[in-house]
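Each remark here refers to the structure printed beneath this line.
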Amino acid sequence: MTSSGVLCLLGALSLQVLLLQPPGAQGAPNPDNSHSSSPAPPQTAQHLSQKSLKRETLKPAAHLVGDPSVQDSIHWRANTDHAFLRHGFSLSNNSLLVPTSGLYFVYSQVVFSGASCSEITPTLLYLSHEVLLFSSKYQVHVPLLSAQKSVCSGTQGPWMRSVYQGAVFLLTQGDRLSTYTDGVSHLLQSPSSVFFGAFAL
């Protein structure tokens, strides 16, 4: 073979080797990566938690319990015995102040108890518990939830009656929620028996 033939053979082999190499190795840009950016840094648990917190809407909520040291009325309190005020709710003059307008589930429970009923004069004992709304729309206390119980009609010995109420209401910012109870002297004052609250839906 002549020297010119050897040179032609070497050139053909070199071209074949170049064609077999990936585009990046040939000095040409890779069409698949020409517009790709550098890989994003790994996200830490803290970053993910912050993003989740931003996405989550923090809704107002409140849960109050009765003060067992007050016997002649229900004195609501927060920040004790699993009671709390969150995300705008406040407690003023024994009333819950609604922070924002919207739908709320309002609830309350009381438990009445007594040692016995009089055998001589077994008159009925009426018990009631209400959740009241005071709003700029009405300027009076309007009952939202109301329930009544009666005892001692032929009943002897210790007795107990529980009242739980709850429903959804459309409330306005600035509305005040309070309670009224008839038969306070018979209340079983404990955090798990006497409570009052609301939370936004």
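Cβ atoms here come from the backbone N, Cα and C positions, even for glycine.
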Swiss-Prot annotation, disulfide partner among Cys8, Cys117 for Cys152: Cys117
Chain-internal residues, separated by at least six, CB under 8 A from Asn93 (N-linked glycosylation site): none
Since the record lists Cys117, Cys152 as disulfide-bonded residues, which of them has the fewest other Cβ atoms within 10 Å of its Cβ? Cys152
